[in-house]
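The structure appears right after this line, and notes come after that.
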Amino acid sequence: MVTSFVHCSRGLRRSCSIRGAKMPSSYFSELRSAVQNGIRKSAAGCDGGVQSSVEVLVGQGKLWSGNLRCFHSVPSSAVSGLNVLLRPGTVFHSRSDSQLGLKRDYCSGVSPGYGLGIRNSRNCSNFSRGFLGKSRSFSSSGEGESIQYDVVIVGAGPAGLSAAIRLKQMCRGKDSDLSVCVVEKGAEVGAHILSGNVFEPRALDELIPQWKNEEAPINVPVSSDKFWFLTKDRAFSLPCPFDNKGNYVISLSQLVRWLGKKAEELGVEIYPGFAASEVLYDDDTVVGIKTNDMGISKDGTKKETFQQGVALKDFLDKVTREEVMMPDSSSTLQKSEITGRITLLAEGCRGSLSEKLLRKFNLREKGHGQHQTYALGIKEVWEIEEHKHKPGSVIHTLGWPLDNKTYGGSFLYHMNDRQVSLGFVVALNYGNPYLNPYEEFQKLKHHPAIKCLLDGGSVLQYGARTLNEGGFQSIPFPVFPGGAIIGCSAGFLNVPKIKGTHTAMKSGMLAAEAAFSALQEGSSMDMYWDALRKSWIWEELRLARNYRPAFEYGLLPGLGVSAFEHYVFKGRLPFTLKHGKPDHEATDVAKRHPPIEYPRPDGTLSFDVPTSLHRSNTNHDHDQPPHLRLRDPTVPERVNLPEYAGPESRYCPARVYEYVPDEEGKLKLHINAQNCLHCKACDIKDPKQNIEWTVPEGGGGPGYSIM
């Protein structure tokens, strides 16, 4: 980084900042150490007299700042260790302070095997077009940066990382080289990942067969499996329909971090803290995505911290590289032709870009799928007393506190280190607008069968996320011109299993194999759809297709039909049940239901929303444009409040939406966007579909570590 400084003359004091660096988050600590050591070595070798003030920033994280005595030309010792730390794709821009009399701006970059390159700004576009390696390029202009990759993946979750890993594995197996980039809106990989999770390792066995020897955070096998039906005061044991033998109780956010490291070891570039906000097209073909601008204030003006969004594109057909002199080498990159490339969307449930493409290309209709149905999952991780802890114990419940018309239940999984995952899931097709999922969860914890476990414990973390429940009936055609939708963005959750990680991972692997064939052999991405229908995902979801829609008729009929399907027909009933109304249409008007009075939290087992929100580590810059947008600002006061009693103030598990009186005493909707957990419930459940969830600045949102 300091190598981008020009030769300085004695007595000059100047200030340089290096911004826009993008690199895998796992390298922050190593990079910090290398930068500090290199800078100190360089400063120690100076003969004094010249003062430089340096600030090094990567994404939103400051790595180092301080004053340096002097530099003579370009001290290579300052980055002696960086080439082994930085993956291809690490890009630095140095902007010298014009007030200090420096007339030249420089662009610079680091790439393994090539060292560091420095060119005057007038040569930046030519130099950076090819300096990062054989299969990716970078360009910069007044309209923003544009970086080209062979495969762009949006979302560093199980599906996205599995796709990235599988692509690089195939590259090694076929002696090929494809550049693969994963962008993640969370501040770090895993920060936005929340799940139960009882993990079925079937897909991981295929992806990384030796995972047990690779320090994967999968070490608590299921030891017992119980299924309870709850009334207000009792828990009745039912025959357990789950087969969790060979499965593990895990933290999915920790597993995703491990997968991220595995991907980086293979050469995948992962950029956390960058939110994909826009799909890029060439005619009707998707050619990549654009990250949102950062440093924009609420009123739309640019702040001092403004950074323009980056366009991450697939290579265009017949792109010819310019001959570029590599830094510290006399060799040149030869001209070559690159064929068309792929974008994979792995944003998770209700992905904002995925939803746009589903509508634009009519993918659900093309796949003959019904509308998607959803549930909201709310979760806490507790630390309980040692004598109560039973690693691997798994409990699922149905019934109380929900009524017989509302589908949902809870889970309680014993992890390691005295930790227990406690969660509550409610289907979002509930009718009563007074129902508050967060408050129902607080009630659940006071049930005698659960309270006895939690007494004496403490909450470590809180979070919430929506999940797909449409299953087999709702699978869309997942391929669009230029790419595909994978994982929970498409919707492969197995509802009766309460598992979707293994199917998400497998879908990413299948899409990666189709993408590799498309890039190397010129085949169609439709191979992904064909492979999906031939895979165990398809058969597994087909056999499970009637469980969730059976509960459209109520709890007891749903239990009867699902038991008959499971134990008698083994998923092979000669008909397929259909889903009911879309979730937002299922919301009744308020006059059909009495208000629900919820007890006040006791601060020991149950808590208010601000207390829980603090445990989610959620953070957004308050001074940024709202990412929760009302298509019609008059709908909340004109429709939602008088007809539905303002349901957005209750279905949101983070109290983002509140009705507060104005100067005249009239209730107006106030949006606390900084509270947002990125659960997407508002985008799904709003009765008039008036709320649009869009991505905030990258790096914002929850900061999960054990969820």
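Glycine is no exception: its Cβ is also placed from the backbone N, Cα and C atoms.
Where the annotation comes from TrEMBL, it is an automatic prediction and has not been curated.
Taken straight from TrEMBL:
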DOMAIN    374-467  domain 'ETF-QO/FixC ubiquinone-binding'
DOMAIN    603-705  domain 'ETF-QO/FixX C-terminal'
REGION    613-633  region 'Disordered'
COMPBIAS  618-633  compositional bias 'Basic and acidic residues'
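Within the region 'Disordered' (613-633), the DSSP-based counts of helix, strand and coil residues read 3 helix, 4 strand, 14 coil. When the domain 'ETF-QO/FixC ubiquinone-binding' (374-467) is classified with DSSP, helix, strand and coil residues number 18 helix, 43 strand, 33 coil.
Per-residue pLDDT, averaged over the domain 'ETF-QO/FixC ubiquinone-binding' (374-467), rounds to 98.
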